[in-house]
Structures are given as C-alpha cells and as structure tokens.
Amino acid sequence: MLKRNLGQSTRSIYLGLACLSLTLHLLLACFCLSVLQTACTPPASSTSSIPRTDPQPRQSSSSPAASSSHKPPSAPRKSNAFDPDGEEALRAETDEEKEQTRLQNLNQRGKGRSRLEELFRHPLYNLPRPPMQQDDWLLRVKTDEEEKGSEEEEEDFLPHDSEWQSASQEDGYDKITWTSDKETHPPWLRFHLGITRWELYDRKDSNLDQLTHYLATQPILGAVQKTGGTQLKLLVTFPNYGQALLKPMRQSREAETDTNLFYFSDFERHNAEIAAFHLDRVLGFNRIPPVVGRLINVTSEVRELTTDRRLAKTFFTSPAGNVCFYGQCEYYCSTENPVCGRPHALEVSMATMLPDLSLAPRRSWRSPWRRSYSRTKLAQWETNPAYCDKVKETPPYNHGSRLVDLIDMTVLDYLMSNMDRHHYETFESFGNQTFLLHLDNGRAFGRHSQDEPSILAPLKQCCRIRRSTLLRLRLLSRPDFRLSEVMRESLAADPLAVVAPLLSEPHLSALDRRLAKVLKVVEICQEKHRDVVYDDLEESDQNYDSQSD
C-alpha cells in the first residue's frame with residue numbers, strides 16, 4: 001500500500017518538471033523570435049533604401065496626420081517585413097496632400113494676382129516727366145512771401161497764418177479751416193491743386209482713391225439742374241463745398257443703341273461715363289476727371305433737397321409707384337422719357353468737377369473731324385480722303401504735339417464707340433503745349449455688336465500716332481495684359497459693380513476686337529509711309545537724363 005502511493009507521487013513530480021521545462025523552452029523561443037524580428041526591422045526615423053515612387057521630395061510636417069476627408073476611401077494597407085505598420089504609405093499620402101495644398105495655394109495666389117497693378121508697374125506707365133516749373137501747375141497755393149506781399153498791397157480778411165475760414169451759415173456745411181498745408185484740404189481741392197500741364201492727375205497719387213471714395217459716400221446737400229447740354233444732368237453739392245456732375249441711369253447696361261437712331265439722338269449712359277474714365281486711365285492718358293458710380297435715393301437726396309423750382313416741378317409718381325422726374329433740356333426731357341427710381345433707388349454717375357472757370361479758364365476747340373449733325377449732309381472729312389493734309393497746315397496742328405494728342409482722343413473714342421466728339425477743351429493758361437480734356441463721354445459704349453470705322457478717320461487720314469500710345473496699345477493686346485481683362489478688373493472696383501458689371505461681356509470683348517483693328521490701321525500706315533510714329537519717348541529719355549544730372 002505504501003509502495004503504491006510513493007509511485008504516484010513520483011509520477012506527479014516528473015510531470016510537473018516536464019511542464020515547467022516546456023514552458024521555459026516556449027518563453028525562450030518567443031524571446032528569440034522577438035529579437036530576430038527587431039533586428040530585421042529598420043528604425044522608423046531612418047531613411048528607407050527602397051526608391052520612392054512619389055515625384056516630390058519628402059517634407060517634414062508639424063501635424064501628425066493631415067486631413068483626407070476630400071479623398072475617396074483607400075484600400076487597406078498590408079504589412080510586410082520592412083514596413084509592418086504601413087508607415088511609408090502613410091508618409092506618401094501625407095506628401096501627396098501637401099503637394100495638393102501647395103498647388104491650391106498657388107492657384108489662389110494666381111487668382112488674386114492683379115493684372116492691373118502689374119500693368120501700372122510697367123515702364124510704359126512710369127515714363128519720366130519734364131522737371132516741373134511754376135507755370136506747369138494749373139493752380140497753386142501762395143507761398144508765405146507772396147502772401148505777405150499781397151497783405152501789404154491790399155487789406156483783406158485773411159489771418160496772418162494764411163487760413164481760409166468758411167463764413168457760410170447754411171445748415172449742413174462743414175465748418176472748416178484751410179491752410180497752405182495740403183493735409184487740411186478736402187480731396188476735391190487736392191485734385192484741383194494737382195492738375196498740371198501734362199495730365200489731370202497723377203495715377204500714383206493716393207488722393208485719387210480718396211477722391212473716388214469721397215464722391216461715392218459724401219452726403220448730398222443740394223441738387224440743381226446743370227445748364228447747357230442736350231440731356232438731363234444735375235449739379236450736386238457736398239458739405240465741404242465740393243461739387244459733382246450727376247448723370248442718371250436711363251437704360252439698362254445690356255441695352256444696345258437702336259441702329260435706326262442717329263448718333264446725336266442716342267441716350268447718354270451713366271455707366272459710359274464711368275467706363276470711359278477707367279478706359280482713359282488704363283490707356284495711360286489720365287485726361288478724364290475721376291468718375292464713380294453711386295446709388296442714391298431720388299426722393300431724399302434730390303426731390304427734397306433741390307432749390308431748383310423748374311426741376312422740382314417735373315417730379316411725379318409713375319403708375320408703377322416709382323418716383324420719377326424729367327427736368328428741362330433739349331432732348332428726352334418729357335413725361336415720355338423720365339428718369340425713375342425703383343421706387344426711390346437710382347443709379348447715377350458722379351464726375352469730379354474741374355476748377356471754376358473764373359480760376360482756370362478753358363478754351364473750347366472745334367474738332368476738325370466734327371460730324372455734320374445732319375440727317376442729309378456729310379462733313380468735309382467724310383468726302384475728302386486727303387483732308388488731313390489741310391489740317392496739318394492749320395494751327396495749332398502744324399507744330400507741337402496737338403495732332404497726336406487728337407489721335408489719342410480718336411483711339412479712345414473708337415475703342416468705346418463714341419461718335420459724339422464735336423469739341424474738346426484745354427486749359428488756357430497752358431497755351432497749346434498741353435493735353436486735351438476728354439470730357440462728356442455719355443454717348444459711348446452704345447453698341448457692342450458693330451464697330452464704327454469712321455471714328456478712326458483722323459488716324460487713317462493722317463497716319464500719325466504717338467510712340468508711347470502705340471507701345472501701350474501693343475502691350476494691351478498681349479494675353480497677359482489683355483485690354484478686356486484689365487478693364488474688367490478696374491471696373492470691379494466701382495461701387496456699382498456689386499449691383500451689376502458696369503460693362504457687359506460683349507462690350508468687353510468689343511474692346512479687344514477694336515484694339516486689334518486700331519493696330520491694323522497703324523500697320524497699314526507704316527507700310528505706306530515712313531514718318532508715322534511721333535517719338536515722344538526720346539523726349540522722355542532726355543527728361544530722365546536731365547533729372548539724373
């Protein structure tokens with residue numbers, strides 16, 4: 001009995017030792033496998049010797065995992081001996097996302113790139129001007145010495161510090177004090193003081209933005225009908241004694257001029273005045289006073305403020321409930337052709353007024369290529385191809401730059417299809433050595449579906465053009481500075497652009513088409529004549545050299 005119990009105990013001990021030995025062998029085997037696997041796996045921070053398939057270099061990322069919500073679900077990654085966690089695949093996807101992000105940023109920058117700013121940085125838009133002399137400024141503030149001399153000669157009410165103080169007691173006007181410091185002047189006065197013999201304004205002058213903002217936002221204190229002209233326009237007054245010429249919206253931007261109408265029977269368009277200013281600036285002329293669009297309340301800002309009894313009598317409410325008026329003028333001032341709000345809101349153009357004629361007299365010149373303004377008769381230039389030979393012998397076109405100045409105006413008018421250029425003006429104090437004012441452009445941009453070749457008669461007959469103008473026209477025909485593109489960008493800055501584009505796409509396309517025709521006319525002239533280009537850049541080079549010295 002004792003021998004049987006001893007044998008069972010011995011077998012139990014042997015079985016336990018065998019299990020313990022097997023367990024130890026299994027643990028040792030696991031440990032060895034683990035060591036071998038670790039030795040075969042490359043460290044995560046080291047660079048794999050397997051060539052990468054992605055074309056972009058690896059970039060470090062501050063984010064452990066980029067968002068991939070915009071991607072379709074990817075197939076599950078399989079582990080292998082060299083990449084058990086799929087780490088290389090993860091890095092490849094992260095690099096791909098980074099590259100997409102980089103391309104998106106480049107695209108955004110490309111979309112935000114301003115062609116207009118790049119155009120204005122071009123050397124052709126930054127030509128040197130002659131050194132400014134005192135008589136090259138239209139108006140100027142008297143110096144202290146001049147002011148003292150005038151005080152000694154006559155008694156006046158100006159204080160010794162050369163201040164001008166408003167004496168107006170009318171409600172709404174600002175109580176302001178102006179001194180010789182231009183910082184005390186309102187934008188409209190700084191514009192007047194910036195007019196020179198060579199241009200109405202300096203495109204790089206910060207006052208230009210201030211002036212257009214001023215026209216678009218200043219409260220209106222009064223509105224009266226502007227005398228003269230053939231169609232309705234108003235003269236509005238602002239609190240700081242500034243004024244603007246207002247032209248109301250008469251038809252939609254998309255409406256084309258009826259082909260059965262004569263050029264002198266067309267409506268004037270408010271958006272044409274705005275677009276003409278932008279086009280003149282894009283061409284580098286700077287000869288149209290700044291114009292801006294504005295949405296006004298025809299009741300509270302015109303009807304209730306006007307002191308013009310003749311204008312006030314023409315207000316009425318249409319059957320549709322809109323407030324309308326028509327004023328008094330030669331054309332389209334009747335109840336059949338009223339200007340109407342919707343029911344009170346009215347789009348208008350606001351043009352900067354030039355200095356008063358008592359301060360800066362202007363001379364009006366009859367254009368040699370003036371139309372007959374007759375339904376039956378033709379002008380002399382329309383029947384005589386050699387008409388320009390006579391013009392070239394007539395002052396002031398027989399010397400100086402007056403003829404190429406007129407050709408500049410011709411190019412502007414052709415691009416915007418303006419047939420209503422019967423006169424032009426210059427400032428008297430500058431004599432004949434000055435630029436032409438490109439005023440009154442309301443009948444431009446009437447038709448986009450056809451071009452009027454007769455507008456180019458001065459260029460075709462004279463075969464003469466300023467070199468700087470020709471080079472800028474060629475620049476604007478290039479794809480990177482296409483005229484329609486820079487005009488679209490320029491017009492988008494106008495306040496009325498949020499309502500609708502100032503020029504429809506057909507009108508913008510017409511600009512490119514007409515520009516190509518202008519350059520073709522110049523090309524034909526150069527094939528027939530030698531002395532076609534008036535080299536004004538040679539004068540600019542000489543001016544630059546004198547300024548450098």
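Glycine residues also receive a Cβ, built from the backbone N, Cα and C atoms like all the rest.
Listed in TrEMBL for this protein:
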- 43-84: region 'Disordered' (REGION)
- 43-79: compositional bias 'Low complexity' (COMPBIAS)
- 91-110: region 'Disordered' (REGION)
- 143-170: region 'Disordered' (REGION)
- 146-156: compositional bias 'Acidic residues' (COMPBIAS)
- Gln231, Lys247, Glu268, Ala351, Thr352, Met353, Leu354, Glu425, Asp440: ATP binding site (BINDING)
- Glu268, Asp440: Mn(2+) binding site (BINDING)
- 315-530: domain 'FAM20 C-terminal' (DOMAIN)
- Asp420: active site (ACT_SITE)
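Annotation for Asp440 (ATP binding site): same-chain Cβ neighbours under 8 Å, separated by at least 6 residues, are Gly229, Asp420. Predicted-model confidence for the domain 'FAM20 C-terminal' (315-530) is 95, expressed as mean pLDDT. Neighbour counts of Cβ atoms within 10 Å were taken for the binding-site residues Gln231, Thr352; the minimum is at Gln231. Residue environment of Leu354 (ATP binding site) contains 20 other Cβ atoms, counted within 10 Å of its Cβ in all protein chains. Counted within 10 Å of its Cβ, the other Cβ atoms near Asp420 (active site) come to 18, all protein chains included. Counted over all residue pairs in Gln231, Lys247, Glu268, Ala351, Thr352, Met353, Leu354, Glu425, Asp440, the record's binders of ATP, the longest Cα to Cα distance measures 20 angstrom. For Glu268 (ATP binding site), other Cβ atoms within 10 Å of its Cβ number 25.
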